[in-house]
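Quick notes on the structure that follows.
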Amino acid sequence: MKFVDEASILVVAGDGGNGCVSFRREKYIPKGGPDGGDGGDGGDVWMEADENLNTLIDYRFEKSFRAERGQNGASRDCTGKRGKDVTIKVPVGTRVIDQGTGETMGDMTKHGQRLLVAKGGWHGLGNTRFKSSVNRTPRQKTNGTPGDKRELLLELMLLADVGMLGMPNAGKSTFIRAVSAAKPKVADYPFTTLVPSLGVVRMDNEKSFVVADIPGLIEGAAEGAGLGIRFLKHLERCRVLLHLIDIDPIDGTDPVENARIIISELEKYSQDLAAKPRWLVFNKIDLLDKAEAEEKAKAIAEALGWEDKYYLISAASGLGVKDLCWDVMTFIIENPVVQDEEAKQPEKVEFMWDDYHRQQLEEIAEEDDEDWDDDWDEDDEEGVEFIYKR
C-alpha cells in the first residue's frame, strides 16, 4: 500500500434541530397550553486512533465528513432526535491541525484514543420553554445553532524510540535489516529508501525498541532538495538519533563534510530536533583494517569536535551491532518518556444547559411585545407560519 503521511479533510458537525411552536388541542380541554418540544442536538465529528492503519491514503480520496443534523422538535413536547456522530479512524501517531488557525488540536498517540474535532450545534427551544404566568400562549421558539466546520490537516508521524540519520547510502536500511525483521530495499545507488520504515529490535523476551529509517539527507534539504526534509518530522518523537557515517564513502566524499551537512540541515529544520540526543555511529568498518578504521574514526570525531562516545560497526557483517543495540536499550530504559503536560488532551467542557436556556429566554423577553395579545386568530403571523410548518 502506498505510504501517505499528509492529508487535508473537511469536517462539518450537524446543526441543532429547531424548536417547535405547538399547542395542545383536545376535546373538552379548551386551554391546553403550549406543547412544542425542543429540537435535537447536532451530531459531533470524532477522530479515533487505530493501530491497524498505517497510512492516510484513504483521505486522499474521501475528503469531506458531515455529521447528521438534529431533528426538529414536535408537538406533545416531543424532543427531536439527536444527530448521529461521525467517527474518522486514523493511524496511531497522527497529528490533527486546524488549518484555519494553525492550532494543533491533538496528537493521536494511543490505540483507541478519541478526539473531538467538530462539535454539533445546540438544540433550539420549543414554545413550552417560554410559558409564564403572564404569557400563557407563547408563540416563540429558537432555532438550533450551526455545528462546527473546520478544514483539518492530518500529519502522520511515526512512533519510534530510535531514529536513523545519515546521507544517502550511509547504510541505514542495511542496519535496520540487520537488527529487525523489517526488510527495506537496499541497493548501491542514492535514495534507495523512498518512504520511512519501522523495525522492532527485540533484545530478549521482555526488552525491545522501535527504530525508524527515513530517506537520506543531502545538502539543501531544508530548502526542499532531496527527499529527507519531508520525512524529518517522523523523528520528532524519537528519544535518540543514530547518526550513521560512511567511514569510507565509495564516491570519495569527505565524511566530515557529510556529517556537518546532516547537522546543519537538522538545525535549519528544527532546533528541538537538533537538540535531541544524537549518537555518532561509523558504519562499513569491514571495508578497512581494524587499526585504520579506528584511526580514521578518531580523526573524524576530532574534526567534528565530538567528545562523547562513538561506535564503529558494520551493518552488513553485524560487527559491533549487538553492543550498539544494547547500549540503546539501556539508554531507553534509563530515560523513560516524560508525559508533557501540554500534550495531554484538554478536559471536555460540559455545556451548561441552564445558562443556555436562561440566555435564550432573556433574549425573547427583550423583544418588543407591546401589541401582544393572548387571543390567537388567523391574522397572527406566527400562527400562519405554524400552519405552514405543520
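Glycine is treated like the rest: Cβ placed from N, Cα and C.
Feature annotation from Swiss-Prot assigns GTP binding site to 166-173, 191-195, 213-216, 283-286, 314-316. For SER173, THR193, the entry in Swiss-Prot reads Mg(2+) binding site, with the evidence type sequence analysis. Look at Swiss-Prot and you will find 129-145 tagged as compositional bias 'Polar residues'. Sequence annotations record features per position, and here Swiss-Prot assigns domain 'Obg' to 1-159. If you look up Swiss-Prot, you'll see 160-333 marked as domain 'OBG-type G', on the strength of sequence analysis. According to Swiss-Prot, the feature region 'Disordered' maps to 127-147.
Taking the features listed in Swiss-Prot, we show where each one sits on the structure.
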residue: GLY166; record: GTP binding site; Cβ neighbours (10 Å): 24
residue: ASN169; record: GTP binding site; Cβ neighbours (10 Å): 22
residue: LYS172; record: GTP binding site; Cβ neighbours (10 Å): 30
residue: SER173; record: Mg(2+) binding site; Cβ neighbours (10 Å): 24
residue: PRO215; record: GTP binding site; Cβ neighbours (10 Å): 24
residue: LYS284; record: GTP binding site; Cβ neighbours (10 Å): 24
residue: SER314; record: GTP binding site; Cβ neighbours (10 Å): 22
For the compositional bias 'Polar residues' (129-145), the number of residues DSSP places in helix, strand and coil: 2 helix, 0 strand, 15 coil
Stretch-averaged pLDDT - the domain 'Obg' (1-159): 87
Length of the line joining the Cα atoms of GLY166 (GTP binding site) and SER173 (Mg(2+) binding site), in Å: 11
